[in-house]
Amino acid sequence: MKALRAVSLANTAVMLLAVLWGAWVTSSDSGDGCGASWPLCKGTFMPDWDYAAIVEFGHRVVSALAGLLSVAVLVWVARVRPSETRLKRLAFGTFFFVVLQGGLGAAAVLRPQPDLVMALHFGFSLLCFTFALLVTVALGQGERAAFQRPDVSAQPVAPGLRTQIWGLAVYTYLVVYLGAYVRHLGASMACTGWPLCNGELIPPLYGPVGANFAHRLGAALAVVLVLRLWWTARRLTERDDLRRGAAWALALMAAQVASGALFPLGYLNLLTQLLHTGLITGFWGVLSYLCYLTLPVGRETVAVSA
């Protein structure tokens, strides 16, 4: 069983690498590095390598490795844990979104897609990472991971808190999608200065400036919602996992906002964009973990108040 968890952990790490590499492709405008050719690069296995081709083809290799590991985990789970429906669904979810992600990537190469569609590419990559992470978490629960008390899962979560966490997850996904759209639109610098946009409290609400400003407003509300979640969770003395998860979510959200503020202040480069992507991926991972913790585990006893 430890071998299965090791493979699942490797899959999670490769998924994270694929997310970051995809951000590298977008940030460096290397999506056309292999031309209109897929799965080959410029119509061959060994093209004339340039920077864009290396970045794009490297992303394909990492994504293919993620796909192979997802298949391995899915088959392994089905064979050794056939009675655990939730675990099998998580493993299948990983495989499903990897295939969907690969198909969307291939479509983008073979036929140019609008920015609204291209933004889905990053959103699906986050879901790939999410399911891979939760498979690893689920496998670790049987071994009583070090960050949990043995009795922690015996304390169910009140419906109000569950709704709060899942609502934040859905809202965050929409804000992330909007951020991906801003990047594909080339509007990351449409608002200069921070926190004002081009020196205005309310800039024109259309075009690249409007999209960028909408993302800022969405992120600001996300901060408020994360603060509310942390304030609620800090009182849950029976659930150390929820309290720590909410604290991590708050810390990562604060870092994410700071990294986003670097763009309009003149620090828009590959490093800061990868940092921004890495932080939101980490935040999303923590939030997904919190969602997982709200799922019922066995018989409910005493509800945790929100």
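Note that the numbers count up from 1, one per residue, in the order the chain is shown.
Here the Cβ of each residue, glycine as well, is placed from N, Cα and C on the backbone.
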Answer yes or no as to whether Swiss-Prot lists M46 and D240 within the same topological domain, that is, on the same side of the membrane. no
Taking the Cβ of H276 (heme b binding site) as the centre, how many other Cβ atoms fall within a 10 Å radius? 24
Is the transmembrane segment (90-110) in contact with the transmembrane segment (278-298), using at least 3 Cβ pairs under 8 Å (sequence separation of 6 or more) as the test? no
Rounded Cα separation (Å) that holds between H276 (heme b binding site) and H121 (heme o binding site): 17
Under 8 angstroms, Cβ to Cβ: which one of 57-77, 165-185, 207-227, 248-268 has the largest number of such pairs with the transmembrane segment (117-137)? 165-185
Nearest by Cα to C197 (disulfide bond), of the recorded positions C34, C41, H59, H121, H215, is H215
Measuring Cα to Cα, how far is C41 (disulfide bond) from H215 (heme b binding site) in Å? 34
Taking every residue in the topological domain 'Cytoplasmic' (138-164), what is their average pLDDT? 66
